[in-house]
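The next block holds one structure in the form of structure tokens; read it before the comments.
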Amino acid sequence: AGIAVDTKYGMKNQTAINEFILLGFSYGLQVQTLLYLVFLVTYMLTITENAIIIFVVKRNHHLQKPMYYFLGNLSFLEIWYISVTLPRLLFGFWSQSMTISFSSCMTQLYFFISLMCTECVLLAVMAYDRYLAVCHPLRYPAIMTHKLCFQLSILSWAGGFSISLVKVSFISRLTFCGPQVINHFFCDISPVLNLSCTDMSLAETVDFALALVILLVPLLIIVFSYCCILSAIMCLPSAQGRRKAFSTCTSHFTVVIIFFSATLFMYARPRRIHPFNLNKIVSVFYAVFTPALNPLIYCLRNKEVKEILRKIIGAS
């Protein structure tokens, strides 16, 4: 069912569609079975890892610090981040049905972009927290209060979901015509925009501008924070003090490099120049594997978390 559209591009008598087909990974049955198992294990691992971090941070009084409060927020975000895309992909592998309605596609797009934007802001907040801890250690407890932590976390979530609402509202007003195949495994901005048969210049401009804002502003805060952190660390008199100060930042810095490398590649450039097969590979990395890697990065490089996990495992 659809309506006839007439565009300035000469695409007359095409039918607007209200359902898409996600192309996903069009390989043989054996490869698809292998991918299904890999994605299923990754999903279960991601949920388990992040749930453990939330539980450990919530239940242990030694971790009632701003850094771990934000880490708990990040873990909660990662659970929803991977749950927006992977269950539908796993269902598609299992049922061999990759159709998705227009409303479901826009909903998936909204929540995925919202969570990604929220993570951008949250990583900047965590960098600011590390900046205060390293550069202003004596004033840190007075500045980074429970109230400020709560306000910064609310700012991260509200900012991410608000910017995404603007982006998706412009995209959802477009008319989409055949072919109805999205060359991706979920509804992402680039493949969805390329199915539009009406003038998408405004939607593309708004999306590109907001992508630059939500990526570059947090990234500038992170870069400034780490420049100050590095300067403060280099001024410390002892090598042991420098190592201890830097060790509190390495986990976050590693996550920042991984996350922003992928998202800048995907979203901070014009849409139509994207090679879609490469996009799918990069998307698998930041949408599927990064949420599984982040808890490991934080736990493996954090002595407090590792020690508490050892005690929990030993007690059980």
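Using the three backbone atoms N, Cα and C, a Cβ is placed for every residue, glycine included.
Keep in mind that what you see is a predicted model, and the values were worked out from it rather than measured.
Going by TrEMBL, these are the annotated features:
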- 34-56: transmembrane segment (TRANSMEM)
- 49-298: domain 'G-protein coupled receptors family 1 profile' (DOMAIN)
- 68-89: transmembrane segment (TRANSMEM)
- 109-128: transmembrane segment (TRANSMEM)
- 148-166: transmembrane segment (TRANSMEM)
- 208-233: transmembrane segment (TRANSMEM)
- 245-268: transmembrane segment (TRANSMEM)
- 280-300: transmembrane segment (TRANSMEM)
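Counted over residue pairs separated by six or more positions, the transmembrane segment (280-300) shares at least 3 Cβ pairs under 8 angstroms with the transmembrane segment (68-89), which defines the two as touching. Looking at 68-89, 148-166, 208-233, the range that has the most CB pairs within less than 8 A of the transmembrane segment (109-128) turns out to be 148-166. Using a Cβ-Cβ cut-off under 8 Å and counting only residues 6 or more beyond its ends in the same chain, the transmembrane segment (34-56) has close neighbours at 25, 27, 63, 71-72, 75-76, 78-79, 82-83, 86-87, 89-90, 93-94, 288-289, 291-292, 295-296, 298-299, 305, 308-309, 312. Nonlocal intrachain contacts for the transmembrane segment (68-89), taken as residues 6+ away from its ends with a CB within less than 8 angstroms of a stretch CB, comprise 22, 24, 39, 42-43, 46-47, 49-51, 53-54, 57-58, 100, 108, 111-112, 115-116, 118-119, 122-123, 125-126, 129, 149, 152-153, 156, 185-186, 287-288, 291-292, 294-295, 298. Mean per-residue pLDDT, taken over the domain 'G-protein coupled receptors family 1 profile' (49-298), amounts to 87.
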